[in-house]
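What TrEMBL records for this protein:
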type	residues	note
REPEAT	A:68-102	repeat 'PPR'
REPEAT	A:144-178	repeat 'PPR'
REPEAT	A:206-236	repeat 'PPR'
REPEAT	A:237-271	repeat 'PPR'
REPEAT	A:341-375	repeat 'PPR'
REPEAT	A:376-410	repeat 'PPR'
Amino acid sequence: MLVEKVTTLLRHFLNFQQLKQLHTLILVHDLNHLNGLLIHQLITSQSTYSQNISHYLRSILLHLKQPDAGSATSVIRYFCTHTRFQEAFALYVELHTSGFVPSTFSVASALKACARTGNKNGGTMIHGDLAKAEELFSSMTNKDVVSWNSMVSGYSRNGDMDKALSLFQEMPERKLSSWNAMISGYVECGKVGLARNFYNSMPERNSISCITMIGGYSKCGDVESARELFSKMDRKDHLLYNAMITCYAKNSRPKEALHLFSEMIEPNVKVQPDKMTLATVTSACSQLGELSFGSWIHDCYMKQLGIAMDDHLCTALVYLYAKCGSIDTAFNLFHKLNKKDVVAYTSMILGCGLNGKEQIAIKLFDEMMESNIRPNLLTFTGVLTALSHVGMVEESYHCFNSMKKYGLVPTPDHYSLMVEILGRAGRLEEAHDLIKGMPMKPHAGVWGALLLACSTHNNVELGETAAKHCFELEADNSGYGSLLANIYAGAGRWEDAKRLRNSIHEKGLVKIPGSSWMDHMQA
DNA sequence: TTAGGGTTAG
């Protein structure tokens, strides 16, 4: 009697409070099988993400003695559709450790969350669950397209394209989304050519197929192929524009990104941008140091379109303002973030480090460490840049050496910064030793930093060594020759200086503005 | 009652 009553009630539209009351009823009367329905209603009654609901959903699931796969999948998907991939994956791990038996659907959802958070280790963990899911799948009597697709996407997200392909070929009725899952898998493992073969042989395509391909070309730097596919699409929605604008921005072609954006909003095209478009366009502005266009987006355009701020867009603006030296505005936005993550902190640290606010950059880094936010390679670029400007050698060493604590391997750029720091302090031999001990081949920027230091400290011998490497690595950059000539002149070796300057002149080399070590200082 | 494919920030 009660069961029917609660079930009927659950099929009606109820608000959060009413659903909570029903949940109490379910708990008291041990009507566990109704939890799935309750969870579904809780999710569908919400149009936006809410912290409240999210906590509540988690607690319902985790208090179940045996959470069913359907409910678990619904909640994981709730997090995913609201781009809370970390929460989605964390929930899956929690369920897993409490003995939850995964289904094909829950595995596919968890893998999606994993892929979007860049969590490779998680993918490996789920691999084991995938085998269980496959068992479950083979025992299913009436497999529908959704279950087939879940298996295909499960394997393709896990990088097992052989299995994904054989399942795909076995599928009785392939849908558009099945093809898209295959394309996405090949793109993910860097096989963009194979992805393109699939794309070409598809019976029909939608904008998702095209977006996936553009993303693949973007990742491998093939902007031209991306543009070719983009141009061929006759109906272009804002998602397609977003993908292409992102492709330009990610491949350091910010001008083309802005150009395509202006094309998108032209009166005769008039595709409505969303917050993703604006986040990407803001990023293109940052690359160009184009503050006026970016602040127009912030001050006018968002209001005009009725687009609300979100953390991604806000972070893009934080970096724009910080990089352009408007540290106060950057800070105001930074404090408005719902969640200050590694990207937000790094944006502030980089911006402050570049604009003479070194102490603030260092303070932000400490604050970030105290909040247990894991730094990444770019965070260290930011903090080392700040430290280099104030000449804090021992702190820099400490910082540089702490990278491995976070599983980070310093890149040649980080070595460049250390060489610059040691060089400024006049510790040239030490800088040279650091270069000699590098586990990878130093690029011209590393030797360039040493060469620059040798010129400020008048060290001819080491300067010659550094210059020799620079010439080898970047033969067409005359900046290095000029630096060495200055060193000769400073040491009174006028003949050598003259000889070098003449040879630069003869080769017709023009000093390239912003050589690579300058880029490191200004990037 | 639910479950599958894509694009955003340093």
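Just so you know, glycine gets a Cβ as well, placed from its N, Cα and C.
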Item checked: Residues of the repeat 'PPR' (A:68-102) by DSSP state, where helix covers H, G and I -> 26 helix, 0 strand, 9 coil
Note to self: If we skip the immediate neighbours and take only residues 6+ beyond the ends of the repeat 'PPR' (A:237-271), which ones have a Cβ under 8 Å from one of its Cβ atoms?
What the structure shows: 207-208, 210-211, 214-215, 217-218, 221, 223, 226-227, 230, 277, 280-281, 283-285, 287-288, 290, 293
Notebook entry, point to check: How many of the residues that make up the repeat 'PPR' (A:144-178) does DSSP mark as helix, as strand and as coil?
Noted result: 26 helix, 0 strand, 9 coil
Item checked: Counts of helix, strand and coil residues, the repeat 'PPR' (A:376-410), according to DSSP -> 28 helix, 0 strand, 7 coil
Next item on the list: Find the average pLDDT over the repeat 'PPR' (A:206-236) in the predicted model and report it.
Entry: 95
